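The structure follows.
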Amino acid sequence: MVSTATKIATFAFNNCLMNAAGVYCMTKEELLAIEASEAGSFVTKTGTLAPRQGNPEPRYADTALGSINSMGLPNHGYQYYLDIVTEMQKDQASKHHFLSVVGMSAEETETILKAIQASDYQGLVELNLSCPNVPGKPQLAYDFEATDQLLKKIFSYYTKPLGIKLPPYFDIVHFDQAAAIFNQYPLAFANCVNSIGNGLVIDDEQVVIKPKNGFGGIGGDYIKPTALANVHAFYQRLNSSIQIIGTGGVKTGRDAFEHILCGAAMVQIGTALHQEGPAIFKRITKELQDIMAEKGYQTLDDFRGQLQYKP
């Protein structure tokens with residue numbers, strides 16, 4: 001029997017597919033729909049210290065090859081999502097979950113994480129170091145010194161399982177520099193990648209979204225090659241205890257297969273989930289299982305990270 005089960009840290013999941021933060025996870029109702037689907041888990045909307053309305057609309061648009069968005073982290077506040085996942089973990093039949101959070105400053109991030117540390121929540125936290133769509137707030141993970149300082153502070157008190165959501169990197173030197181920092185800390189996972197920041201999509205003679213004069217994060221088909229490169233680069237460089245989550249351009253079982261082949265232990269779906277809804281998890285799981293069966297693979301470990309190079 002072909003299995004798409006996987007593990008992150010000590011947490012077992014019956015399927016490697018899940019949503020990406022920001023997509024189909026704003027409300028409790030949306031999260032419950034993911035929970036009831038074929039997905040192995042869900043990640044919440046990135047929760048900030050206080051609720052946020054986000055950027056003015058229109059702030060999302062589908063395109064022929066994916067999507068562009070400048071949402072600006074709209075959310076109900078981290079406490080809303082913390083309450084949901086803490087309550088759900090009381091049910092032994094519940095899946096394990098990921099709580100996505102970030103502050104608008106390093107101080108706010110620490111306030112949030114200290115509250116989670118003191119809470120009853122025992123699941124995974126995904127620290128979002130990579131949102132490209134908050135005006136005036138740079139993507140922290142591109143500042144290696146600031147990232148190192150923040151992680152050093154966090155792990156001086158935070159003892160629960162925590163991973164990081166990364167922006168795409170484009171230079172081999174940056175893969176090396178980032179990995180050297182991440183390997184110093186007991187991270188549970190690294191999620192590669194968030195949307196490619198500050199793309200521009202034009203319809204006739206006008207931009208298609210309002211914030212930032214049309215600049216926004218690019219997702220979908222556009223970013224799969226970049227996502228695969230980041231997944232494989234960090235799979236090669238990070239400690240084996242730091243699992244990789246692959247995100248970007250996944251709309252078929254073949255796409256998920258390629259992420260796993262590059263080293264991903266789990267695969268998140270964003271743009272295609274937004275377009276198709278939670279039923280997508282059943283379809284992509286079946287497509288992935290069919291590929292595995294055709295190739296004679298019984299588990300993800302049979303091919304995870306086994307990308308072949310030209311001789």
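Note that Cβ sites are derived from N, Cα and C of the backbone, with glycine treated the same way.
Straight from Swiss-Prot, here's the annotation block:
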ACT_SITE  C131  active site, nucleophile
BINDING   K45, T46, N128, K165, V193, G220, G248, G249, G270, T271  FMN binding site
BINDING   K45, N69, S70, M71, G72, L73, N128, N194, S195  substrate binding site
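Can you walk me through where each of these features ends up in the structure?
All protein chains shown were included, and the count of other CB atoms within 10 Å of the CB of C131 (active site, nucleophile) stands at 24.
DSSP assigns V193 (FMN binding site) to coil, not to a helix or a strand.
The Cβ of G72 (substrate binding site) lies under 8 Å from the Cβ of R52, G54, N55, R59, N133, V134, P135, P211, each on the same chain and at least six residues away in sequence.
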Which recorded positions (S70, C131, S195) fall within 10 Å of G248 (FMN binding site) by Cα distance?
S195
Relative to the Cβ of S70 (substrate binding site), which residues of the same chain, six or more apart in sequence, are found under 8 Å away?
N55, R59, Y60, N133, I209, K210, P211, K212, F215, G216, G217
Out of K45, V193, S195, G270, which of these binding-site residues is nearest C131 (active site, nucleophile) by C-alpha distance?
S195
Taking just the CA atoms, what is the gap between K45 (FMN binding site) and S195 (substrate binding site) in Å?
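So the alpha carbons of K45 (FMN binding site) and S195 (substrate binding site) sit roughly 15 Å from each other.
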Please report the Cα separation of N128 (FMN binding site) and S195 (substrate binding site) in Å, rounded to an integer.
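That comes out at 12 Å between the alpha carbons.
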